[in-house]
Amino acid sequence: FLGAGKPPMYGDYEAQRHWQEVTYNLPIRQWYFNTSDNNLLYWGLDYPPLTAYHSFVCAYIAKLINPDWVALHTSRGYESQPHKLFMRTTVFVADLLIYIPAVILYCFSLKETSTKKKASICALCILLYPGLILIDHGHFQYPLSLGFALWGVLYLSYDWDLLGSVAFCLAINYKQMELYHSLPFFCYLLGKCFKKGLKGKGLALLIKIAGTVVVSFAVCWLPFCTDMEQIMQVLRRLFPIDRGLFEACMFSSPPPHLANIWCSLSVLIKIKNIVSPQTQLKLSFAVTFLSLLPTCIKLTVQPSLRGFKFALVSCALSFFLFSFQVHEKSILLVSVPVCLIINEIPFMATWFLLVSTFSMLPLLLKDGLLLAYAVTTLAFLSVCVASFSIFEKTSAEDLQLKPFSLSLKGYVSWFKSFPKIVRSLFLLSVTLMGVLSVMSAALHPPQRLPDLFPVAVSVISCLHFLLFLVYFNVVIVWDSKNSRSQKKIS
């Protein structure tokens, strides 16, 4: 794993272990504060309370097995095979209890997967997504926030709005990055309230949802509500705005190896040298907000479960591309919602999930996961091709672009060759990713351009993501503008 045996930080493995050490040995009021026993510069807690509680539970079990694993101060940098097995087991158990059941139940609840065989195939494809496998188990990242978010989507699909709200509150209180999904949840539920009428059932539903959210947050934050300074300190740890636009690219040397717009632009324009941190924050907020606006308006005005799932993808991708302090691993917050629509647009979903894994290549190579990356990616692609026959589903209708093609009127004839063009672009894209993967692993870059391959991976991935953002917005917006045409198509 990245950072193994390398002081002073030792990597993500040590981060998770250290949080267990801190939460077990120190009182709650000290978990987020800098003290002689809790140096925040050494993997200080910077996730919400549920992560801290989970770390405490893991630490309690670890203490029973071997007290040295979580001994205060002396356990720093502790690495042993039994402890690594324990840590990997905790990740697998979290998968088994929260994430995997949500995926399986979601796939079996879909109307499109009418048989158990289809549902099983859909679940298999989602669970084989290589990005989540490599990052979760390579970086000891617990999938609980994504799992809770999936439970939220599942509950909303059954119109269990209050349970869905609770599940998403748990997700956002486990990892603040779930804010990527917050606007679709908010707009969808608000749209449902508007649809029911804010003078009757809609108002009652709105009050219930608001009350549920407040109570859920209050329960999660209860131990930190003793005084305002506690709350503010936790918030400062969760949102370290003063660290700047690129702070989260912690594993990258300049320019940052991250496939979002700011890091890609920094190859040509040194944004950090031109724009102040405060202006960076305002700029990223403005661009992110504008890119989110069409999807959020559409979902609020015309709430639908299908629109909600597509909005999760579009909004999360906007956050990844344009927002403040993004990490390479944040692409998983886009990929998991894409997994939810893999049965609706298998070709584009498979393509996106391949690109998302490829975008993390510099990180995976540093982890020594080249072989695992190659094997899991090929396995995922093979299963998707065999299960969904993706190359046969490239027409405008299969890609949900029929309403858009009808709106072009005189240009509809151009769409006759559309499937062939899309398939050619896909093959070109996969070939490019394969060649660049081999070059990154096998060749040494020129001395003048030591970051050539990581930057190439980031820029190419970013260009893909920008095109995907346009595609998803077209699907969402034209679906609402051409509702009559859509009804005829249906």
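The backbone N, Cα and C atoms fix where each Cβ goes, glycine too.
Heads up, TrEMBL stuff is auto-annotated, nobody curated it.
Looking at 235-252, 307-324, the range annotated in TrEMBL as transmembrane segment turns out to be 307-324. In TrEMBL, the annotation transmembrane segment applies to 120-142, one of the ranges 120-142, 281-303. Remote same-chain residues near the transmembrane segment (202-224) are listed as 28, 32, 48-50, 161-162, 165-166, 169-170, 173, 189-190, 192-196, 230-231, 234 (criterion: CB distance under 8 Å, separation of at least six residues from the stretch ends).
Listed by sequence, the residues of this chain that lie at least six past the ends of the transmembrane segment (425-443) yet keep a Cβ under 8 A from its Cβ atoms are 347, 351, 354-355, 358, 361-362, 365, 370, 373-374, 381, 453-454, 456-457, 460, 464.
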